[in-house]
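Look at TrEMBL and you will find 21-71 tagged as region 'Disordered'. Among the features that TrEMBL reports, compositional bias 'Basic residues' is placed at 54-68. The S-adenosyl-L-methionine binding site annotation in TrEMBL covers 392, 432, 453, 500. Per TrEMBL, active site, nucleophile is recorded for 527.
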Ligand SMILES: C[S@@+](CC[C@H](N)C(=O)[O-])C[C@H]1O[C@@H](n2cnc3c(N)ncnc32)[C@H](O)[C@@H]1O
């Protein structure tokens, strides 16, 4: 591997980059007020709390709607802030730099100082110091965003430290599929707010943590981001993602202990659903249409013959689905998305009724029809749902995942009953219940379970699933989660609430009603950890969460104030950046 760039853009960068970017048809920037010039094109002053306003405009001069960061990946921007913060700490607070290499690049630093620094508003970058599109550069990776993308600068770690010590801000480049400490060659693709998006071309100085990716498509396919590190390091990375999201939502949350990520029993061969797709471009012969997943960083489809993170049944189903699609290619006009889902069927009759057969006697099969039905097995429980609707996609971890929620609820029920004599938890509310997974898995510890869900299809499955499993203390209602509080008439002292919203999280309407209701225990399950952290901060800002005895100053304190009892991430999606996180909140009084 050669370390020398074919065309080094450093000299270009020293030119008037701001005006170059203004001239670029893709993106231009205006900075208000515009008094200060950067010291060099590569360096920009850190401006501290009084940030300037930056407007991004598209090439036609029209203002972009929404946030000034509209184009930018927030996780990259967060990482830039954190990276600068790390360097700042090392330089100013004598924090100890990590001696051992880490995936994430965070030294174990003085967390409070770090938190104080993070509290300052984001530093605006003058849009200078980047590089033209399609230019090759050698960069050093200092951070990995929570989406697994390397955050790099042209400076080495030492140069970066020196730069930040002088109050300068480096220009940042993203480098997908890289690790901290690596020197890599990138090609610039697009300028965003405060950084330049790049493709990684080669790794000239690999991290000692880099491993050979098990999949031949890794680095080209957008599906997996972490196959180049060991599974143990992926888990460490995801724990830091959770810590970081919490700290980013509120520096005080840095005090919360996040447990090690609970591993998936299968790190490969676990995914029970795939959706390969294809686009038809004029002139492409039918037998050459690529069927697979989005190419990393591009809108094109990568032709994929096999996906090793899927279960055996799904891999087999995907081959069949592609074969069928190729045979029918002339009937498609623009392209299509295929669906492959694992299901469990009676051994002797794949189309037979699963209701009467014990879960342990079912065998794996696959479903390709969007209108088909899927049966999933979680321990001794069976869940049936339409192939096109939501269900957790890693069956191997579901017994541990649902078991954790069930055991936490049972533990707190007993503890609260014996500690303050208020009695056990008797009622469970399962908000955003889908087809009833958590309510049904936890039903045995409660007198009754009330679920709510916005999808008509899922809610009727939830009620049918309770029946199919011989459970008669569950009632699942159709509606928006925030309407559940109109229906609840159980005493909050004896009630626990599970919340499992979609990736965008819950909303103030639901959360404010939850606080006003004040259940004894809240279990917040999230696939969108930043949104979960935001929601927890909403509760904190209302005075409803206490962190080490610290509560937000509010005019009227709610009657229910919670402590964070545990934070347990689960790895439902090995090899990808995704992480699920379960936060248990218990009422203080
Ligand atoms: C992450 S899934 C969780 C489902 C279920 N707990 C499970 O694990 O299978 C989120 C669910 O919330 C539902 N949902 C989305 N918005 C909702 C809303 N405003 N009110 C109630 N349910 C909603 C979705 O239909 C989806 O089934």
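Indices start at 1 and increase along the chain as displayed.
A Cβ is built for glycine as well, from the same backbone N, Cα and C atoms used for every other residue.
Bear in mind that TrEMBL entries carry predicted annotations, made automatically and left uncurated.
Residue 392 (S-adenosyl-L-methionine binding site): 22 other CB atoms within 10 A of its CB, across all protein chains. Neighbours of the S-adenosyl-L-methionine site: apart from 392, 432, 453, 500, residues of the same chain with C-beta atoms within 8 angstroms of the site's C-beta centroid are 390, 430, 433, 434, 437, 438, 501, 525.
A straight line from the CA of residue 392 (S-adenosyl-L-methionine binding site) to the CA of residue 527 (active site, nucleophile) spans 10 Å. In this entry, S-adenosyl-L-methionine is bound by 392, 432, 453, 500, whose most widely separated C-alpha atoms sit 15 angstrom apart. When the alpha carbons of residue 527 (active site, nucleophile) and residue 453 (S-adenosyl-L-methionine binding site) are compared, the span between them is 17 angstrom. By neighbour count, meaning other C-beta atoms within 10 Å, the densest spot among the binding-site residues 453, 500 is 453. Neighbours of residue 432 (S-adenosyl-L-methionine binding site), defined as other CB atoms within 10 A of its CB across all chains, total 23. Under the three-state DSSP scheme, residue 453 (S-adenosyl-L-methionine binding site) falls in the strand class. In this structure, the residue listed as 'active site, nucleophile' belongs to neither helix nor strand by DSSP; it is coil. Neighbours of residue 527 (active site, nucleophile), defined as other CB atoms within 10 A of its CB across all chains, total 19.
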